[in-house]
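Trainee: Mind having a look at this structure? Questions to follow.
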Amino acid sequence: MSSPVISPETKTGKKILLAAPRGYCAGVDRAVETVERALEEYGAPIYVRKEIVHNRYVVDTLAEKGAIFVNEASEAPEGANMVFSAHGVSPMVHEEAAAKNIKAIDAACPLVTKVHKEVQRFDKQGFHILFIGHEGHEEVEGTMGHSVEKTHLVDGVAGIATLPEFLNDEPNLIWLSQTTLSVDETMEIVRELKVKFPQLQDPPSDDICYATQNRQVAVKAIAERCELMIVVGSRNSSNSVRLVEVAKQNGADNAYLVDYAREIDPAWFEGVETIGISSGASVPEILVQGVIERLAEFGYDDVEEVTSAAEKIVFALPRVLRHKN
């Protein structure tokens, strides 16, 4: 993560608070590097199932280098080289790829893979799993595909009412969650679930990933000091959307999600002295720097980085690419 250029003095009274940590997490870094390394090693095209990460800039940049993004493995030609996205896939997707002799490289975040293994383990132990997540998200689809019969989606507190009645009498009941949710919202859902299902068990460890939690804590640390929060991230990025919600819930008067600096509306600045900036876990730092430069045009030329945690986690590349270093 490159450091922001910090002006030596406040010239206008207008200020930027820059949340840290922000941007790329270890899982995203690994996934993007997997596609880049595959392109170097095998040449273009490299097919990628779904968006490798939920960021428009990253996807467009990789496409320019020779990645071809498809919705399903079946759309790639026989024997193609394919990377599965950071969000993880179900066993059925692996089977579809194998049926076409596709050489698949799984770039699933290891923390998502951990949840897959938990689902498999609890299924074998006879548990029904209440999976807290957002319907239609690739991570949710991939995870639930590891236990189709015994995993039940809970999409928000409202989703509790849609759960099947037989679960009321199910003694072996446990909850798990998508890795990119709001920590506070997830705990609220768990509390409501335990009202309806007193027998509900907690998992051995929290599934919400370290990067998601750290970025939410970093936003909380500055939100109360900001009239406006700008989160850099794509609208299909669950963790980026959650950062906007966290900012609003913790003191920011307004919060907006932007992919690029050009999307910023100067009307947002009316009456605003302090602007907070953060970015989702799939956002490269170059996009944050673009926002800082854009705000400087409007007099926000004093930048203070507020650090709430240090991140040193690095994930190894998929095994097939490790010897290519």
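We count from 1, first residue shown onward.
Placement of Cβ uses the backbone N, Cα and C atoms for every residue, glycine included.
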Trainee: May I ask you to find which of H54, H323 Swiss-Prot records for the dimethylallyl diphosphate site already listed with H87, H137, S237, S238, N239, S282?
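Mentor: As annotated by Swiss-Prot, H87, H137, S237, S238, N239, S282 share the dimethylallyl diphosphate site with H54, chosen from H54, H323.
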Trainee: Please identify which of T179, S238 has the densest Cβ environment, defined as other Cβ atoms within 10 Å, among these binding-site residues.
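Mentor: Output for this query is T179.
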Trainee: Considering Cα atoms only, can you say which of C25, E139, C209 is the nearest neighbour of S237 ((2E)-4-hydroxy-3-methylbut-2-enyl diphosphate binding site) among these recorded positions?
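Mentor: That would be E139, nearest by Cα distance.
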Trainee: So how many other Cβ atoms are close to N239 ((2E)-4-hydroxy-3-methylbut-2-enyl diphosphate binding site), meaning within 10 Å of its Cβ?
Mentor: 28
Trainee: Using DSSP reduced to three states, classify E139 (active site, proton donor) as helix, strand or coil.
Mentor: helix
